[in-house]
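Look at Swiss-Prot and you will find 118, 143, 145, 147 tagged as heme b binding site, backed by experimental evidence. Swiss-Prot lists 215, 216, 217, 218, 219, 264, 322, 361, 366, 377, 378, 379 with the feature Mo-molybdopterin binding site, giving similarity to another entry as the kind of evidence. Swiss-Prot lists 82-161 with the feature domain 'Cytochrome b5 heme-binding', giving sequence analysis as the kind of evidence. The annotation phosphoserine is assigned in Swiss-Prot to 123. According to Swiss-Prot, the region 'Hinge' annotation covers 165-174, on the basis of similarity to another entry. Residues annotated as region 'Moco domain' in Swiss-Prot, with similarity to another entry given as evidence: 175-401. According to Swiss-Prot, the region 'Homodimerization' annotation covers 402-538, on the basis of similarity to another entry. Per Swiss-Prot, the feature transit peptide maps to 1-79; the stated evidence is similarity to another entry.
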């Protein structure tokens, strides 16, 4: 019924271009055999059966009620004088109880009455509650139209304090003072260094994650690099020649473009914390995103420096240009065999979704290693070398490793475990959210699935009863080559809600082409760093009466 309400409201608003509909709308008393006919505007429905007549009456009533409420709100808004509000005042209005306020430019709006009418659903509009609309309109360009602005104008309650529109002065003593501006939809796990993930309902809205809401994993302050003076240093092989490559030099190599999903080793760590405390950021399901990356192949660059695949074990070590106060840079490594394999498609990427890399994601150059944990995709790349052993970086030798549930911080031996490279099969539910109330009748469940090493996801199973019975979800996304399934699959299931059911325990699990399956519970895979968290994902929801 709510969906019909929204549809009628939107069609009337668009048809009238949000101008005042003539107030002479007569409602005739109807018998059971009469049709409901407002004189203006004329609404015509097809079909003569009683069901159609019932929906005709209900749809028109809903539409008429929305129009009258809208007209009343417009009149009240016009009568109010302009008020000045601070950014702090706006940020305190984020719920129906306090009122839901947003800003656009210098204007402040109270959209409390409109939230339930939002075509994208209340949850999308609530992401902007207490803050600016611009970052969200940038994601969804359909909003930037005159009739949408006219609708919003009716909810204006005042102006934003001019002082709140002045950019703050940069404090040069603060190593994080020059960090880039981030999208307000991101759920922040750490401000310094900045680490954040998109909310679930935005994460799977698109197959390709928009740059502003791509999950951000930083270990140190974000460097501000000049593309004109940037140089990538590639140490040459014995008898070869070391390279100092400008951004233009990298562009002169053959350009390759691939779609790759990046996932942090700590994705879904928060679920491990529920079993037993772990050390690390409390990532939920959003430390994963997908982009279209473009750049030069690492194997081509290494070959120009004289490197070739050798029989002995060797590693390609990467160093970033981000560093701590001691000058220590972030570093990581991958096996030389992967780096030199053209089929592995490792990139020195300079573009992300058709644009230069954003600063948070490694501008001007980062490593992209398809099928491998995000920790090896070194950003702000400054140096590449081939070494007989893996990188001695803390993040390679003393982090991002998995251990038995029995290992604690008193007994852990980091040298005893290999560094994480390929990640296990993974899936998660993004809609509905845990604790949400869903409509009876049918529920739509959405999520993502991915597996490391280029292994393709071949199936996602979904249960509404905690795993007692299962249904197979529909997979969406690009078809990928065998052993090169570098990107995730989005999935969806429309399932009937059992009659009389008051709650649902929704569960999902993915299967890859190696028939690897997610474990059913967290406890057996718990580890002190909270990495490799890929148990069945569970969401508990309530069913409306």
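Cβ atoms are placed via backbone N, Cα and C, with glycine included.
Fewest other C-beta atoms within 10 Å: among the binding-site residues 147, 217, that description fits 147. Rounded to a whole number, the distance between the Cα atoms of residue 217 (Mo-molybdopterin binding site) and residue 118 (heme b binding site) is 32 Å. The binding-site residues recorded for this entry are 143, 145, 147, and the Cα of 143 lies nearest to that of residue 366 (Mo-molybdopterin binding site). Pairwise Cα distances among 118, 143, 145, 147, which the record gives as the binders of heme b, peak at 15 Å. Nearest by CA distance to residue 215 (Mo-molybdopterin binding site), out of the recorded positions 123, 143, 145, 147, is 123. Fewest Cβ neighbours within 10 Å among the recorded positions 123, 145: this applies to 145. The number of other CB atoms found within 10 A of the CB of residue 322 (Mo-molybdopterin binding site), across every protein chain shown, is 21. Sequence-distant contacts of residue 219 (Mo-molybdopterin binding site), defined as residues of its own chain at least six apart whose C-beta falls under 8 angstroms from its C-beta, comprise 193, 322, 330, 395. Long-range C-beta contacts of residue 378 (Mo-molybdopterin binding site), restricted to its own chain and to partners at least six residues apart, with a cutoff below 8 Å, comprise 318, 319, 320, 330, 331, 332, 362, 366, 367. Each residue contributes its Cα atom, and for residue 145 (heme b binding site) and residue 217 (Mo-molybdopterin binding site) these two points are 34 Å apart.
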